[in-house]
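*Asks:* Structure incoming, see below.
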Amino acid sequence: MLNSPSIRLGVNVDHVATVRNARGGDRPDVVRIALAAIAAGADGITAHLREDRRHIRDTDMARLKAEIAKPLNFEMAATAEMQRIALATKPHAVCLVPERREELTTEGGLDVVGQYNALAPFIAKLNDAGIRVSLFISADARQIEMATKLRAPAIEIHTGGWCDAVVDGHREKADLEWRRIVEGVALARSAGLEVHAGHGLDYDTAETIAALPEIAELNIGYFMIGEALLVGIAETVRTMRAAMDRGRAILKTRMA
Ligand SMILES: CC(=O)[C@@H](O)[C@H](O)COP(=O)(O)O
Ligand SMILES: NCC(=O)COP(=O)(O)O
């Protein structure tokens, strides 16, 4: 089984922009928080430029690209507008996510099976520009198999259903969702995909999923920004990194 020796932490800064936009000013500064997260150990920054610009704005994405030295993971819907912006911005990576204006947050995974014909040329253009493409999908075998046909080198498994069930104490649903994730990441890795995970992760669920050998990257935002309001982003990043390291240590004992 191909494993990922280390596991990267991508900090999603969307909800720093949510707070900033509440009064329409320029504080808190998204880039300043991103730089502090990187200084504390984040391996990259994730930001979601939504069609409705409810949080991250075009200027945020441009400043993040210009001012951070670590990889920028540009989350976006697969639209012509976003492709144009991504090609102009040239982030390290793009993660294609589904979007509905009326959604509170990302609800499901991208339907790469149903959207294959549109996604194939869309992804090819980003690949050709040297941008690493990942697909935000559910841990569904058909979606994973189709992702491999789309020449995306990576997928990000949507962990929202599992995380919500854990937080809500729905043990049976959490166990079912977890089994789907375990099977999905194994299938994806065996197909040669780089496997990321994200949505709804907190310290406990990040530790649990970091024990899966196939996971190369976790992208975490909402929970961490909330924690940062209490203890600061640096301590939050350090605590999240420690949780992920505990997960990796559990993996190592299992494999010993
Ligand atoms: C795809 C995903 O789960 C998140 O990265 C996404 O950014 C969530 O959207 P909001 O940040 O708008 O809640
Ligand atoms: N792709 C997941 C992400 O970037 C952050 O999701 P969340 O932790 O804000 O739910």
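Quick reminder: no glycine exception, Cβ is built from N, Cα and C everywhere.
What TrEMBL says about a protein is an automatic prediction, not a curated fact.
The following feature annotations were taken from TrEMBL:
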ACT_SITE  H48  active site, proton acceptor
ACT_SITE  E75  active site, proton acceptor
ACT_SITE  H199  active site, proton donor
BINDING   N12, R23, G200, G221, Y222  3-amino-2-oxopropyl phosphate binding site
BINDING   D14, H15, R50, H55, T105  1-deoxy-D-xylulose 5-phosphate binding site
SITE      E156  site 'Transition state stabilizer'
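Help me picture where these features are in the structure shown.
*Replies:* Its Cβ placed at the centre, H48 (active site, proton acceptor) has 26 other Cβ atoms within 10 Å.
Under the three-state DSSP scheme, E75 (active site, proton acceptor) falls in the strand class. The number of other Cβ atoms within 10 Å of the Cβ belonging to E75 (active site, proton acceptor), over all protein chains shown, comes to 29.
In the three-state DSSP scheme, H199 (active site, proton donor) is classed as coil.
Around G200 (3-amino-2-oxopropyl phosphate binding site), taking its Cβ as the centre, 21 other Cβ atoms fall within 10 Å, counting all chains.
When secondary structure is read from DSSP and collapsed to three states, R50 (1-deoxy-D-xylulose 5-phosphate binding site) falls in the coil class. Cβ neighbour count for R50 (1-deoxy-D-xylulose 5-phosphate binding site) (all protein chains, 10 Å cutoff from its Cβ): 19.
Secondary structure at E156 (site 'Transition state stabilizer'), as computed by DSSP, is strand. Long-range Cβ neighbours of E156 (site 'Transition state stabilizer') (same chain, at least 6 residues apart, Cβ-Cβ under 8 Å): C95, S134, L135, F136, I137, H196, A197, G198, E217, N219.
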*Asks:* Considering only the recorded positions R23, H48, E75, H199, G221, which residue has the minimal Cα-Cα separation from H15 (1-deoxy-D-xylulose 5-phosphate binding site)?
*Replies:* G221
*Asks:* Taking ligand 2 as the reference and 6 angstroms as the Cβ limit (strictly under), which binding-site residues among H15, R23, G200, Y222 are close?
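*Replies:* The ones that qualify, in sequence order, are G200, Y222.
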*Asks:* Name the residue among the binding-site residues R23, H55 whose Cβ has the smallest number of other Cβ atoms within 10 Å.
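*Replies:* Least crowded of the binding-site residues R23, H55, by Cβ count within 10 Å, is R23.
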*Asks:* Around the Cβ of T105 (1-deoxy-D-xylulose 5-phosphate binding site), how many other Cβ atoms lie within 10 Å? Please give the count over every shown protein chain.
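*Replies:* Cβ-Cβ neighbours of T105 (1-deoxy-D-xylulose 5-phosphate binding site) within 10 Å number 12.
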*Asks:* Could you measure between H48 (active site, proton acceptor) and G221 (3-amino-2-oxopropyl phosphate binding site) for me? Cα positions, answer in whole angstrom.
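*Replies:* If we compare the Cα positions of H48 (active site, proton acceptor) and G221 (3-amino-2-oxopropyl phosphate binding site), the gap is 11 Å.
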